[in-house]
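Q: Mind having a look at this structure? Questions to follow.
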Amino acid sequence: MLRRRLNRLFGRDERKVDSRTIYVGHRPCPATEALIPPKFCDNRIVSSKYTVWNFLPKNLFEQFRRIANFYFLIIFLVQVIVDTPTSPVTSGLPLFFVITVTAIKQGYEDWLRHKADNEVNKYLVTVLEDGRRACKESEKIKVGDVVEVVEDETFPCDLILLQSSREDETCFVTTASLDGESNHKTHYTVPDTERNLESLSATIECEQPQPDLYKFVGRMHIYRNNQEPAVRSLGPENLLLKGATLKNTQKIYGVAVYSGMETKMALNYQGKSQKRSAVEKSINAFLLVYLCILVSKALVCTTLKYVWQNRPGQDEPWYNQKTQKEKDANLYLKMFTDFLSFMVLFNFIIPVSMYVTVEMQKFLGSFFISWDKDFFDPEIQEGALVNTSDLNEELGQVEYVFTDKTGTLTQNNMEFIECCIDGFQYKYADSGTELDGFCVTDGPVNILQQKAGREKEELFLRALCLCHTVQVKEATGQGDGVADGVEDQVDGVMGLDGETVGPADLGGFIASSPDEVALVKGAMKYGFKFLGMESKNMRVMNRNNDVETYELLHVLNFDPVRRRMSVIVRTKSGDTMLFCKGADSSIFPRVRQEEVDRIRMHVERNATEGYRTLCVAYKLLSREEYDQADTGLREAKLALQDREEKLMAVYNQVETGMSLIGATAVEDRLQEEAAETMEALQGAGMKVWVLTGDKMETAKSTCYACRLFQRSTELLELTVRTLVDLGRKREERLHELLLDYHKRAVQDAPPIKAGVTRSWSSANQDYGFIIDGATLSLVLNSSPESNSSCYKSLFLQICQNCTTVLCCRMAPLQKAQIVKMVKNCKGSPITLSIGDGANDVSMILEAHVGIGIKGREGRQAVRNSDYAIPKLKHLKKLLLGHGHLYYVRIAHLVQYFFYKNLCFILPQFLYQFFCGYSQQPLYDAAYLTMYNICFTSMPILANSLLEQHICMEVLMDNAALYRDVAKNAMLGWGPFLYWTLLGVYQGLLFFFGVRFLFSNPALQDNGQVFGNWSYGTIVFTVLVFTVTLKLAMDTRHWTWINHFVIWGSLAFYMFFSFFWGGIIWPFLRQQRLYFVFANMLSSVSAWLIIILLILLSLLPEILLLVLRKPRGPHSRQKKPVVQSGVGETQSPRSSARPLLMKTFSDESNTIL
């Protein structure tokens, strides 16, 4: 287990692994041998992060890994140990609050994961033990147990199907929670097993656990008395995966082969890790800069203190004699203590209140997403859901979008559109308008109004009714009468859209792919109805309401290399026929060229319209041809080595020399506004990757329909099919293709202009890239002799230069690997994953931001996502609207916090030069404590929640505005330097402006002079008013809340200063500000300098706004308001507003 996890950690798949032997029912085989039970892991599922014992140390360790938390812990310990100018409570209490709230939040989330695990692990299942049915908890299932599962139950572990209640020894399952496909898949029992499982004596030899959902190789040895053991091969069709659900089958029995964390579902689960936003990383970077400033200030003051004290008479003046203890103290220890005291004195340059404010802004801001009425879906009566409020601003920084296809881009609802028979196109019309319901819409130019012959039509429709794996669901209590009822309904009320077809609406059709159901429904429109199977016979009702019976001999299953499937059937007259359907590129080379020319035009037209096209062919097999094919198929199915290659050889041999009958066009309906949403995301500068477990043809059609692929897009395909080259190794062919595609898409591509990406640059050739799961494994996990890192680098460069990348036949873990590869590439782009099924959970957890869609495939994706939305169309507003505003708000909050605290501490630092470096505070302790908590916290919090520098409608209509804040533009070093210089300028002005005032010895009417506390109070008053009015200038979207907190904070400061200094407080040992504030305001000179300094501090900002001409991003932002026709009347942020109230975004546009 550890070795497998280490291999997965370092990106190495287990290719050549040892097999495991499983004793069915834990019985020795043969019975004479002693049973030595092998050890396998139990069936427990663990997705939680903490236990009761490790929660406290592990959680504290994770929290103190954050630079800010660790820094404040050190400061708190210094205040406790060393005699510092400020109390330890000022740092300890806020730190304790932040740590406690975060621990409670994370503990609650992990408790929910424990609860979910227990629901799975304690679920009761039925196990056969010594011939008796016994109930046991799911976590107690062991490998080798024979488990009973009834209809609509999920499989508790990975099982080999031994017995089914269906007569044909099959069962149907849905794997929506694994690969996102909600269609029914058929699985088969192991041939020749005992009907009485109590007497079954068998062993299973199979591969060790590995995460590929579509791969399984094994064999089963069945022992009978005094006979050679029968050997039966096992493949994916015999394996029932944990998490899949049994459908349309009363019950099955299976033997457990993989359990617990070794099941394929668990191996595809990506563990949940702590996600950190780019803004938090920027805060940490700025924090390091300010830490350097802090340490520099402390070093300068400590050094200058001892330089000053070395002067004669300064170290020990007559009025301040040293005690004996002070004389005996170690000089270096004293210097270190002084250094720490200066650190604590200047510590307020990095306030813990900023982190509290940021947490509150994220938490409260997330409610705006939940409250947005545009996200409410009347169908499910739900709106958006926020599971993680820490990543709001990341929604405004997304560069790569990874989306699932089935259920996300599409509704997974296929509809038959039209067909082409022998070169003539048929569209369904009302059956009363033309015989048989056919309507010829177009065809070859010369013979527009002709139809194909009746014999060809019927042959084509029979092929649609026979060449599939569709089953008709057994309706309880009605028996065969269902079929008759269905026929009447079809003949009577069939509509143009085909949605009222009986079996589908009654839940009658079951298939592994929705397009198969669509084709069977299409045949029903034209009079041929598939009635189902009886044992091995397929029943079809023709136009004359006669029932035709065909014996099903073989099914040649679809695979991504052949890209076609076939059935071999025998008619009542004894003829053996092969019907084949598949992609045009797969069928055309195997039929006559003159037949291809008649149909190619229709196929190409349907493909460009976004429909999924399939070609249909047939072949009449002679007895010798069938006998040869039958023998080859049986031998290949029993092979233990190279089984797939041997089957492929037989398939290719029999599927030659066919006759082309026609083609079909099927539409997979897109989600509402899916194409518009994808277009908007690309217009905003995001690259869209489609990661799906579906087939390539279906996924490619969806990309065309969503406008991710355009007609002009040149597709670069890197799939198993393109790697097939006789006589050459796959790795060689892979390397050759990668170099070729790299030359075309990267080397030969013209350079992209700054600020323009290829997705909206029409002058360049657009490329689309297609890769499948098997080829991706070769790229990511190449053999030792090949250069894996070279492959990965080439692959990544090609993908980054393509407008859209399509990855098909992806296992869930491969989706996560793709996301991780892009996330960790150069530049560390912000990634977003969106999906609706449990198969998408791994990539949702891996991406920076995970979005779950509240779809039909359960709520696993929603539970594991950071945000959940009802429909794909809501992603546009979530990113372009909310994401843009969240980022701008929090970026301004962070820059503003550092700026206002630099203004706050710089005068304190300068004051040390005039007080003998004695660590004398400039401000009163009450001001030190309440500056960030009360006087300046509420205005910036309100601004960071309510500010709209551009209204939501304009952001939605102009996707390009999203690019203005991309790549963390507002938290770059340029804006940071501007805010820092602004803080330095204003801090110097505050201190030296007040010092200039104090050059006049008499500032009061009675001739008395002001003291040092009056000096600090005047500086503090100018500071509070300046930083608050600076925020008012930055505010563009005014509400009553903004007015209340901005003017209310200034009024509260005035009231508090009067109140704090106007009363004698009995609990204070010394009251420094007693009547200082009231005394200060009695001086006209103090009033004058306060007003003058505030105006001088804000003058550069005012001049910048008055003199600056609107240009660049600002001019582009104003234009849409005029175009919308409502900007002048509705927007409270129109150009008629006073220049004083221009937004901080205007500033930042100038700065950037």
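Cβ coordinates are placed from backbone N, Cα and C, and glycine is handled just like the others.
TrEMBL: automatically predicted annotations, no manual curation.
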Q: For the annotation transmembrane segment in TrEMBL, which listed range does it cover: 793-812, 893-912, 1013-1032?
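A: In TrEMBL, the transmembrane segment feature sits at 1013-1032.
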Q: Looking at 1044-1065, 1088-1109, which one does TrEMBL call transmembrane segment?
A: 1044-1065
Q: Any chance the transmembrane segment (976-998) and the transmembrane segment (339-358) have 3 or more Cβ pairs under 8 A, given the pairs are 6 or more apart in sequence?
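A: Counting Cβ pairs under 8 Å (6 or more apart in sequence), the transmembrane segment (976-998) does not reach the transmembrane segment (339-358), since there are fewer than 3.
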Q: How many Å separate the Cα atoms of Gly693 (ATP binding site) and Asp836 (Mg(2+) binding site)?
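A: Cα to Cα, Gly693 (ATP binding site) and Asp836 (Mg(2+) binding site) are separated by 13 Å.
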Q: Between the recorded positions Asp404, Phe558, Arg612, Arg809, which lies closest to Asp840 (Mg(2+) binding site), Cα to Cα?
A: Asp404
Q: Judged by the number of other CB atoms within 10 angstroms, which among Asp404, Thr406, Arg809, Asp836, Asn839 is the least packed of the recorded positions?
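A: With the recorded positions Asp404, Thr406, Arg809, Asp836, Asn839, fewest surrounding Cβ atoms within 10 Å: Arg809.
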Q: Return the residues near Arg612 (ATP binding site) by Cβ distance under 8 Å, restricted to its own chain and a separation of at least 6 in sequence.
A: Met414, Asp515, Ala665, Val666, Glu667, Asp668, Glu697, Thr698, Ser701
Q: What counts of helix, strand and coil residues does DSSP assign across the domain 'P-type ATPase A' (124-187)?
A: 7 helix, 38 strand, 19 coil
Q: Looking only at C-alpha atoms, tell me how far Asn839 (ATP binding site) is from Asp404 (active site, 4-aspartylphosphate intermediate), rounded to the nearest Å.
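A: About 9 Å separate the Cα atoms of these two residues.
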Q: For Phe558 (ATP binding site), which of the recorded positions Asp404, Thr406, Asp836 has the nearest Cα in space?
A: Thr406
Q: Going through 285-308, 339-358, 1044-1065 one by one, which has the most CB pairs that fall under 8 Å from the transmembrane segment (64-82)?
A: 339-358
Q: Of all the binding-site residues here, Phe558, Gly693, Asp840, which one's CB has the most other CB atoms within 10 A?
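A: Comparing the binding-site residues Phe558, Gly693, Asp840, the most crowded Cβ belongs to Asp840.
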Q: Can you name the far-off residues of the same chain, 6+ from the ends of the transmembrane segment (1044-1065), with a Cβ under 8 Å from a Cβ of it?
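A: Same-chain contacts beyond the ends: 926, 930, 934-936, 938-939, 941-942, 1017, 1021, 1024-1025, 1028, 1031-1032, 1035, 1071, 1073-1078.
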Q: Could you tell me the mean pLDDT the prediction assigns to the domain 'P-type ATPase C-terminal' (862-1109)?
A: 83
